[in-house]
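Novice: Heads up, here are the entries from TrEMBL:
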DOMAIN    1-119  domain 'Thioredoxin'
BINDING   Lys454, Phe501, Arg529, Thr535, Arg549, Asn559  ATP binding site
ACT_SITE  His562  active site, pros-phosphohistidine intermediate
Amino acid sequence: MAGKKREIQLQAVVNSQSLWDEMLQNKGLTVIDVYQAWCGPCKAMQTLFRKLKNELNEDELLHFVVAEADNIVTLQPFRDKCEPVFLFSVNGKIIAQINGANAPLVNQKIINLVNEERKIAAGEMVRPQYHEIVFVDPDADDGGEAPSESVDQFYIIAIIKPDAVISRKSQEIRQNIIKAGFVIEIEEKRALTERQVRDFYYRIADQPDFEDFVHFMTGGLSHILVLSQGTEEEPALEETEPNPEMEAKGIYEDHNAGVTTPMMKKRDSLQEYLERQHISQFCDIEENITDVNHFIDMFFPDFKSMKNLKLEKILALLRPALFQEKKEDVLKIIEDEGFKILMQRQIVLSEEEAQTLCKEYENEDYFEKLIEKMTSGPSLALVLVRDHGLQHWRELIGPGSVEKAKEYLPESLCVRFAMEDLPINQLYGSDSLEAARREIQYFFPPQNTLALLKPHVTQEQREEILELIRKTGFEITQMKEILLNEEAAEKIYSKITGKDFYQDVLEVLSEGPSLVLVLTKWNAVSDWRRLMGPTDPDEAKLLSPDSIRAQFGRSILKNAVHGASNAYEAMESINRIFQEFVPENPEGN
């Protein structure tokens, strides 16, 4: 309880406009931690503030405050932004702002400003004429008032059809949409259910070929996008050269996409734009506000909560000594801090890999010893995801040096898990999202495998299996419904064509269409075989009760699913079934 009391005394709480105005009457320097109610103040900096408060011993000149942006009109521009912001007020004037928990920079700023206040009080210098920071709300219009209409009305649903996905034309359509100035809020490739198709296309349900259309839409992978209007203009027709800045950057980076070219004209609707680009036949649009809200709830039920998050994937690594001695302790902390572990693997680093990961220490006299330690045994590599994961992980583990961590962030994991033989942080984390992408790609290279859902699997069971596949971390890269006659079946079952039971397999496959998938993730082949379970469903129920065959298999022949045995067989089968397939991250297998 005593610790809690010290924190309250250290930072005054400002959670209303009147308290904000009162706070501006403080004499000297006030350091303000601006926060959102849903994520709280920056705990990582409190140790530094307490240290400075004790060392500088300036109760009259130095004040610390936490200010809740949600309830303070002045701080409206900082709402819905999770990154920590520190404001510096001198005698009621906001003179400086630091974004992010940059402990050394904040530390130096406070010391400099307090020293100035001391000199001013002693008559040794004249108060500088600081320029006061003016907060501007980027979302406000010219009248300074936020629009009263719901932002939901600006959303558009786009469905890129299966024939465009399987021919990889969906990426071209996607880039055209971005180039037109629309913003992709969220997107996903998935197999639509019959109910979803009938719901989305209810306006054409009376057309004579609608049943065939439903079969077409449920027999392959569609690409679903939620779009917002972005800017109010689009490139003129003469603007035909691709803008490299508009290349697809991923689901959580498209919020910043836009086009700024000298030749602009009033934007058409997305439907009109797609028609001008001669690609409207591959993509269907819904712009009616009521229907859009309904379909967002149908396709992306967590959209509203997800939109306020900035989920970031990073690579984290436990160096060999820490992995051997404190692995479970670290994993528990990772879980408690709200990270989800998407993938993990043990890896013994080569000397070259160790040198790359330890580059920041290459000029230290212990560098050779560090490389020796890094290559002496397995490290644990992790892919972590969390809201603002990059920044939170960097704050959690602290600086790369134990000495700096003890000075600025003594409660960091760097200090907590310091090893006597090396003065470095025993945990590593990506230092940028771009580095994270490269490192994840390197340590967890994606692999493709072929999966088959057999004819006896009902439509309802298909949907359950596809959902299970997604929840297990696979990306469904391609999908095709196909009747596997003898010629087609041989493309998948080539290694058993001479077996006595092959005719029985063909008989089962001829009962109706199968669903053939390309699944992508790191270690896809073995992970898919593990998810399928043993060949015999009865054995699967005993040994792997959560597996697909245990839940949906009827017999050895009608065991619901099939998968490639190895990476070579997977790529051979994929190339035979999906002649158009080009892996986005090809592997040499």
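Backbone N, Cα and C define each Cβ position, glycine as well.
Predicted automatically and left uncurated, TrEMBL annotations should be read as such.
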Novice: For the ATP binding site, please report the maximum Cα-Cα distance among Lys454, Phe501, Arg529, Thr535, Arg549, Asn559 in Å.
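Specialist: The two farthest binding residues have Cα atoms 21 Å apart.
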Novice: Would you mind checking how many other C-beta atoms are within 10 angstroms of the C-beta on Asn559 (ATP binding site)?
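Specialist: Taking all protein chains shown, Asn559 (ATP binding site) has 24 Cβ neighbours within 10 Å.
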Novice: If you measure Thr535 (ATP binding site) to the residue listed as 'active site, pros-phosphohistidine intermediate' at Cα, how many Å is it?
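Specialist: Just about 9 Å between their Cα atoms.
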Novice: Would you count the other CB atoms within 10 A of the CB of the residue listed as 'active site, pros-phosphohistidine intermediate', including those on all shown protein chains?
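Specialist: The residue listed as 'active site, pros-phosphohistidine intermediate' is surrounded by 20 other Cβ atoms within 10 Å.
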Novice: Go through the binding-site residues Lys454, Phe501, Arg529 and tell me which ones have a CA within 10 A of the CA of His562 (active site, pros-phosphohistidine intermediate).
Specialist: Lys454, Arg529
Novice: If one looks at the chain holding Arg529 (ATP binding site), which residues at least 6 apart in sequence have a CB under 8 angstroms from its CB?
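Specialist: Expected: Gly563, Ser565.
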Novice: Mind checking how the domain 'Thioredoxin' (1-119) divides into helix, strand and coil residues in DSSP?
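Specialist: For that range the per-state counts are 56 helix, 31 strand, 32 coil.
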Novice: Give the number of CB atoms, excluding that of Arg549 (ATP binding site) itself, located within 10 Å of its CB.
Specialist: 23
Novice: For Phe501 (ATP binding site), what is the tally of other C-beta atoms lying within 10 angstroms of its C-beta?
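Specialist: Excluding its own Cβ, Phe501 (ATP binding site) sees 10 Cβ atoms within 10 Å.
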